[in-house]
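Engineer: Quick one: the structure is below, questions incoming.
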Amino acid sequence: MNFLRGVMGGQAAGPQPSGAETIQKLCDRVASSTLLEDRRDAVRALKSLSKKYRMEVGTQAMDHLINILQTDRSDSEILGYALDTLYNIICNDEEEEQDESEDEAAQKQADDLGAQFTEQFVQDPEHVTLLLALLEEFDFHVRWPGVKLLTALLKNQCVQVQGIILVSPMGVSRLMDLLADSREVIRNDGLLLLQQLTKSNAAIQKIVAFENAFERLLDIITEEGSSDGGIVVEDCLLLLVNLLKNNSSNQNFFKEGSYIQRMKPWFEVGDDNSGWSAQKVTNLHLMLQLVRVMVSPVNSPGATASCQKSMYQCGLLQQLCTILMATGVPADILTETINTVSEVIRGSQVNQDYFASVNAPSNPPRPAIVVLLMSMVNERQPFVLRCAVLYCFQCFLYKNQKGQGEIVATLLPSTIDANSISAGQLLCGGLFSVDSLSNWCAAVALAHALQDNLTQKEQLLRVQLATSLGKPPVSLLQQCTNILSQGDKIVRRGSKVQTRVGLLMLLCTWINNCPIAVTHFLHNQENVPFLTAQISENLGEDERLVQGLCALLLGICIYYNDNSLENYTKEKLKQLIEKRIGKENFVEKLGFITKHELYSRAAQKPQPVFPSPEQMLFDHEFTKLVKELEGVITKAVHKSSEDEKKEEEVKKTLEQHDNIVTQYKELIREQDAQIQELKEQVASMSSQNEQMQTTVTQQLAQIQQHKDQYNILKLKLGKENQNQSNSQGDSSQVNGLQTEELTQLREEVEELRKQHTLLQTQLHDKDALINTLRSETAEGSAGGSDNTELLKELEALRSQVESQSAEINQMKTERQELLRRAEAGSSDAVSSSDGSLDAAKMAEVESRLAAQTTETERLKEEAKSLSESRAELEQQLASATSTVAILQTEQAKLQTEVQESKKEQDDLLMLLADQDQKIHSLKQKLKDLGETVDDEDDLDARDQTDDDFEEDEDED
């Protein structure tokens, strides 16, 4: 302990040991001490020496410190000292100021110590895994230095440490728990740790995102006050940018989680925007960058369009436009807002239409586009702001033919309003200004109004400009070429090369793929000589780019020439190039464009970002045009007239072939449509067939079920009839009836049953005939008199059916009465067989039997009359059949009185239904009397047996 007191500042006798010796002794004490207090004091001493003697402590004590982390995990204090010591020797952020005279090499060597010790620490991946395990400790003195140490390791050896954490079980999840720590110091340092962890590692970015990072970070931003918050908000935004930038999976997860809607409150600004703090400006700048990350042009088109739609629907675009038109907003925030709005509306028709409708809060109100263009052509505005406005205008016109038409329309004579400033007037003013940057921006903006829009290129040829009093107006195309040819005579502020490059880009875009514009350009006799002179001269390095653009413009005049001008046909222009310039020299000058260093920089991304106005020469869309035209122009210049004729013949053949192919394609489309329609019909019919088969199957099952029920009932009725016949046979034997007579009576009853069955069959035939007549009547369209005659015949048939039904009802009534009497007579006959009745009763019985016999004879006569009526009904049915045949030949004439016929048929159907109901009621009554209900033939046989029984009694 005395040794430690000496190290910590106490007085000791003898010479003082050096720092290296002291550190060596402390390391020995850490390695050899058995008491935890001794080791703790030694580690604390190493911590105090670690900043001053960084090299010595790192070299001698690192292994001992790592061993402490492994063996003394139960003591949080010694763990904290060890972690702090490791952080001091690994971290490069030294607070001590270095002397100005210190050698830079020595300073670099000191900075490399952190990388050296970091490499030594992560050489064993278990050390990083051990550090991740220590982060689970809740003790502040362990967790906070552990977070700082891991952050320092990631700064020095990011890729290697990321790989170890990625393969460590629950490694990222442990680090995400830091955001939920209630101690703000640990949470804030956890944010810095996650920033380092998520740099340039898509796999870790996805894991962090799916660990609910977006929800937690947005909650922290809201709790800290959004844009008015402090450095913590900035750290959260930096982490969000890391997670979303160039990571399509996380961007989609952010959008699908409805987190874009939560960004809208960030951009709410008040009327008084003066006095913004530097932190608020930084926060809002990062928030705008976060929006741009979601809609960046480098993202996939589908994902960008989806985010743009969400931003419009949730009102985020409207909020950004509010900032755009607000007053007092800092210049850098306004510039970044313009860039953000540009990418939110780029390629989205709905967003572009909304932006076109935004007005600035001025008197009178002016469109936001006009206000922005005023800033672009104003040379007093900051350069970055003018670039941002140009980018916004380009994004507004990107794939927006409607917007292009509106811009060009402001230049046409019929739509010019002298009382207001339009976008076209501002562009023309900038195009002919003495400021070269305004010339270039206006030319590029106007070129974007013509990009891939043949209609607007032709419309712009109508624009006429008044140059001075007393002179006739000239076209815009002619004025551009005049400025181009007189550029050396005009004094301009800035680079004259910049002005000429801008005008040449405008002319190339204008006449590209527009033969009418090419003709207008060649119609001016001075244009072609000027271009050939510019190309053929040997100018300086700065003018080579102008020569290349002139060569490109002349090449477009050759490639898209329709040979309408005799003096400037394709062949004559090529001969002129060969004589005045030379084909090889022309191609060489044309190649100057793509070889320029600024061409490659502009081709990288759509946003015009330049370090200085002098380097603002190329537009991104124009670089695409050059890449597309360079090869075809070179081929067009080298082609001979014979090759061109052959090519024209080939083109004609290809056109014919294309026409044939188009016809076949149309035929194939029609056949495809027909096939599709037939497939739909087949599918519909197949479904109907399946439904019908299902219905048939169900009906078959029901029929089978009914058959089974019928067979069961038939068996039951057979047993009952057998029992009844046995009882009746016994009665007949008692009354002296013979078997032959009983058989004869049953045969007569069977004959009557057959006649009744035949009558029912005829009734069913008649129903079928009526249905046939109904269908034929519905199809008929003429012959009113024949229809009336048919209705009369149907009425006659109906009356006959009613009379027949009455007769059947009368017969059934009489049969019931007969059954009642027969039962009474049989009971009397049984009593007379015993010989106990007197003569009076016998006489009474005989009289009753005589009456029953008479009644039976009358019933037989009625049956006979019924048979005769049946014959008459058959004749009537035959006549009705002939009538039907006549109606079938004249069915085309039945068109009138269809509704009345349907009504009559419905009445007839109701009558038949009533008849069926009456028959059903009679069956029910018979059932109540104990008779057979389902088979009326058995009842008829029983009636016949009772009649025979009465006749036998009468004979007795």
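Just so it is clear, glycine is given a Cβ too, placed from its N, Cα and C backbone atoms.
Keep in mind that this is a model prediction, so the values were computed, not measured.
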Engineer: Quick one: sort out which of 761-788, 929-956 is the region 'Disordered' according to TrEMBL.
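Structural biologist: Of 761-788, 929-956, TrEMBL gives region 'Disordered' for 929-956.
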Engineer: According to TrEMBL, which of these ranges is region 'Disordered': 1-20, 41-60, 601-620, 901-920?
Structural biologist: 1-20
Engineer: Can you dig out which of the ranges 85-105, 400-420, 820-840 TrEMBL describes as region 'Disordered'?
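Structural biologist: Spelled out, TrEMBL records region 'Disordered' over residues 820-840, not the other listed ranges.
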Engineer: Could you tell me which of the ranges 628-647, 648-667, 708-727, 848-867 is annotated in TrEMBL as region 'Disordered'?
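Structural biologist: In TrEMBL, residues 848-867 carry the label region 'Disordered'.
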